[in-house]
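Listed in Swiss-Prot for this protein:
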BINDING   296, 500, 660  substrate binding site
BINDING   324, 343, 400, 401, 402, 407, 429, 453  NAD(+) binding site
REGION    1-189  region 'Enoyl-CoA hydratase/isomerase'
REGION    311-729  region '3-hydroxyacyl-CoA dehydrogenase'
REGION    708-729  region 'Disordered'
SITE      119  site 'Important for catalytic activity'
SITE      139  site 'Important for catalytic activity'
């Protein structure tokens, strides 16, 4: 053994070939600060070996290196710019030393090589991979850019266009694509990976492969003519601004950095990478996006913990077909849980099966499945008008019309047709679970399971615990939702649960703005372009359905009369009374026509002006800041109330529910992250300017208490001390 660290070791193989093996104590290898330091120590030893002829890098895990340790990021981002720059310089000196070894080097890459893992293998001369490879640089998705030389080496290896596509989009690619673009040099079966890598090293040692020429390309300026450079970088910048926009600075910064470094050698190019990385790491966007990643891990970890002793449902059922029922049935069958889809009429069953078939055909068109797989999946969805087979069902979700009487009747009838241990769930969006459970003999076996539309796209499932719901019931439904590829978040029962409870105060803020003379088009534009929502409130209401929102608004008002009962007729009432239900009938705040792809396209409709004039004061202009404040304060206040009342368990779960269920702008990180970024004291000052607008604008007591000391909701992060720990390595 030449060297043994906590996360890697170096040993001799044969004929002057050494292997450096990543083998961290946990289940995966991460390129954390300790591993970078250990790699430096390993290189100290290797550089002294006069008999060294070649070096093989490999992993003892199922994945090579999954990336940097993102749990370290928030503390690293607290480090002053100069110190962070020094640490990056140190880390890059380690990878440069690996790249500059006087012998050929190869990485034997299995599974994932992402982020820092990808940057590590870019520093070797050759890369041999297994068919299950996923390799790429996802940093821009976290609000940063590659910092270990990825933005320097990859363009010089692949050419500007292929590298920009991966780096700017934060993409990873599979083995075949990686081979095609030159990111790896070959693909072999896992059992032949080590021997194959040694064989390539021997060829390089013997002079059959020119490893020095291969290495030299990474040390020199990018080989592009001025015209080629202008074309590549102009197109890349245009594409990035179109897709990422102004709220995500990392992708455009990465492109501009690669462009500026194109004429430079490795050392100068790495300095530019460092100079670009450090300011990005100190942005609110990076903190928010890293926060989302960590919150996602927290939420998924919680679901895993909940379900560790639960048997996965083997057979499911959906009550109520149609678009929603068909979407749920498709998702369950697609992920391997057969499903019975029951309805009371053939038309709905046909609609449900058509929806499932349409979604499967899209997978076929994208090349994700073949015809055999399609027919196999569709055959596991059993449409029926009867309860036959319900005695074999482990879990049932009811997805009938949002009417408590109908839901109660369907649930009570179904309870008599299933086994005593079968779990029942309701896909209600607003009706309290306790109310629906009142007709059941086994309320402990019942909970809410709120999917979001369209089911196949929206990652969130709210799992709602009723007063009598058992832990086992929650665990079974969480297990099924997880199996379906969804992110389940458990919330406690109340009208609207969590997501709709906080959405309708947001809509109420919108209604008040319109009542006071705001133009709905401007409100939408500000909330989309300035705050960053994927849809403004008017457009969102049209998509949800004005009739659906009108009904839900009444349910919420009955549930929370003090805050959500209004004493005026609003825009939603006016459109509902005029039978303008949104996209579903082509008329809402906008008029909708199908485009060439059959998708609804919004157009201005002057007829809506007279309807809104009846419920609004004369039009007046509002500043962007006032629109954002009046829209967001009611939502944020309600989010905080949900935490204080125990409806949602943590800021992390609240923020993920908002991002995954409503499309809360990820670069803000969720309501609590936005609140922390703003500062609780500053938020209180802002909210107090609008408290005359009513109870929705009154800040909850818990938030007022935090504001006195400007306390955050997320625990404060201490700056890391990586430089002092590593610079002598």
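Placed from the backbone N, Cα and C atoms, the Cβ positions cover glycine too.
The structure, with features from Swiss-Prot marked on it.
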| residue | record | Cβ within 10 Å |
| --- | --- | --- |
| 119 | site 'Important for catalytic activity' | 28 |
| 139 | site 'Important for catalytic activity' | 30 |
| 296 | substrate binding site | 17 |
| 324 | NAD(+) binding site | 21 |
| 343 | NAD(+) binding site | 22 |
| 401 | NAD(+) binding site | 10 |
| 402 | NAD(+) binding site | 17 |
| 407 | NAD(+) binding site | 23 |
| 500 | substrate binding site | 21 |
| 660 | substrate binding site | 24 |
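Here the candidates are the recorded positions 119, 139, 296, 500, 660. The one whose C-alpha lies nearest to that of residue 343 (NAD(+) binding site) is 500. Long-range Cβ proximity for residue 429 (NAD(+) binding site), meaning a same-chain Cβ under 8 A and a gap of 6 or more residues, is found for 402, 450, 496, 497, 500, 552. Listed in sequence order, 323, 324, 327 are the same-chain residues six or more apart from residue 453 (NAD(+) binding site) with CB atoms under 8 A from its CB. Cα to Cα, residue 660 (substrate binding site) and residue 400 (NAD(+) binding site) are separated by 23 Å. Using CA atoms as reference points, the recorded positions 119, 139, 401, 407 were checked against residue 296 (substrate binding site), and the closest is 139. Note: residue 400 (NAD(+) binding site) has non-local neighbours 319, 320, 406, 407, 410, i.e. same-chain residues 6+ apart with C-beta under 8 A of its own C-beta. In the three-state DSSP scheme, residue 119 (site 'Important for catalytic activity') is classed as helix. Pairwise Cα distances among 296, 500, 660, the recorded substrate-binding residues, top out at 21 Å. Here the C-alpha separation of residue 139 (site 'Important for catalytic activity') and residue 401 (NAD(+) binding site) works out to 43 Å. Calculated from their C-alpha atoms, the gap between residue 401 (NAD(+) binding site) and residue 119 (site 'Important for catalytic activity') amounts to 52 Å. DSSP classifies residue 400 (NAD(+) binding site) as coil under the three-state reduction.
Whole-number maximum of the Cα to Cα distances across the NAD(+)-binding residues 324, 343, 400, 401, 402, 407, 429, 453: 20 angstrom.
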